[in-house]
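K.L.:
After the structure tokens below, expect a handful of questions from me.
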Amino acid sequence: MAGRNHSVVTDFFLIAFTEHPQWGLPLFLLFLSFYLVTLLGNAGMIILICKDRQLHTPMYFFLGHLSFVDMCYSSVIVPQMLAVLLDHGAAISQARCAAQFFLFTFFASIDCYLLAIMAYDRYVAVCQPLLYVTIMTEKACWGLVAGAYVAGFVSAFVRTVTAFTLSFCGNNEIDFIFCDLPPLLKLTCGESFTQEVVIIVFATFVMPACILVILVSYLFIIMAIMKIRSAGGRAKTFSTCASHLTAVSLFFGTLIFMYLRDNSGQSSEEDRVVSVLYTVVTPMLNPLIYSLRNKEVKEAVLKALSRSKASGRP
């Protein structure tokens with residue numbers, strides 16, 4: 001810290017992608033289109049699940065909440081990023097930065113828990129089919145979702161309070177698309193050991209715990225599928241899990257790369273690209289994944305379109 005300007009920072013300046021001014025407008029239009037598709041796709045999925053009685057099952061109940069959370073956490077990040085691209089940088093107060101960090105952590109944590117819950121739901125459906133209705137009752141589903149929201153809130157609250165008890169000084173530029181803990185730690189004065197421990201604790205108990213639930217659930221699912229004699233039966237059973245596995249791979253793959261790797265010598269540009277994947281691209285792709293790879297959702301979409309055409313006729 002020797003020789004560093006120790007003037008206290010009360011505002012930050014987001015500068016992600018501003019080193020290439022010529023990219024500003026093209027990236028703005030690209031991310032705006034992604035954001036609009038995210039809102040329309042996830043809102044459409046929620047409406048479809050609410051309207052179609054065939055989709056009134058635990059799996060789609062959880063998928064509806066996943067779509068809602070994806071809309072929310074994308075909305076926490078993308079509008080701010082669009083302002084940065086349009087104005088070639090954007091000032092953000094410490095209070096607003098803390099609010100953005102809290103909301104992002106809140107919704108991202110819920111996303112982790114929901115994906116783990118959906119893996120458990122698939123385990124019960126495949127491995128305990130006769131007990132599925134008894135285990136996955138409406139009360140149990142609401143309890144699991146409520147638990148995800150409460151755990152997400154606790155995780156976000158602890159991390160936010162811990163992070164923003166730090167003192168920030170010197171350079172106030174954040175070369176990232178939003179207020180996240182790794183770039184914020186680069187602006188701290190003095191010791192940040194406690195805050196870094198919080199990152200490790202979060203990484204150790206949230207992501208790996210959810211990943212463990214998912215891996216164990218799919219281990220039992222694969223064992224159950226292997227016991228099915230017909231190849232058609234195995235393919236049909238596994239197809240019910242394919243969409244969820246794709247969504248899990250996209251979401252956790254980028255988060256693991258971002259938070260569970262050695263940060264020494266990391267590239268800011270690399271980090272920004274990865275952050276775009278899990279904040280912009282993944283929420284946009286989830287409705288498409290569940291629509292294109294899920295027979296029931298495709299049937300519900302076709303029914304909705306046919307009803308729309310029928311109502312439009314004179």
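Backbone N, Cα and C atoms are what each Cβ position is placed from, and that goes for glycine too.
Under the heading domain 'G-protein coupled receptors family 1 profile', TrEMBL lists 41-290. Sequence annotations record features per position, and here TrEMBL assigns transmembrane segment to 27-50, 62-86, 98-120, 140-158, 197-225, 237-260, 272-292.
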K.L.:
Which sequence-distant residues neighbour the transmembrane segment (272-292)? Criterion: at least 6 residues beyond either end, Cβ under 8 Å.
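P.N.:
16-17, 31, 34-35, 37-38, 41-42, 44-45, 63, 66-67, 70-71, 73-74, 77-78, 81, 104, 108, 175-178, 180, 243, 246-247, 250-251, 254-255, 257-258, 298, 301.
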K.L.:
Restricting to the same chain and to residues at least six past its boundaries, which positions have a Cβ under 8 Å from a Cβ of the transmembrane segment (27-50)?
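P.N.:
For the transmembrane segment (27-50), the sequence-distant neighbours (Cβ-Cβ under 8 Å, at least 6 residues beyond its ends) are 17, 56, 60-61, 63-64, 67-68, 70-71, 74-75, 78-79, 81-82, 85-86, 276, 280-281, 283-284, 286-288, 290-291, 297, 300-301, 304.
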K.L.:
Across the domain 'G-protein coupled receptors family 1 profile' (41-290), what does the pLDDT come to on average, as a whole number?
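P.N.:
Within the domain 'G-protein coupled receptors family 1 profile' (41-290), the model's average pLDDT equals 84.
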K.L.:
Against which stretches of its own chain does the transmembrane segment (237-260) lie, if we need a Cβ under 8 Å and a gap of at least six residues from its ends?
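P.N.:
Same-chain residues near the transmembrane segment (237-260) but 6 or more away: 66, 108, 111-112, 115, 118-119, 122, 125-126, 182, 199, 202-203, 207-208, 210-211, 214, 218, 221, 224-225, 228, 271, 274-275, 277-278, 281-282, 285-286, 289-290, 293-295.
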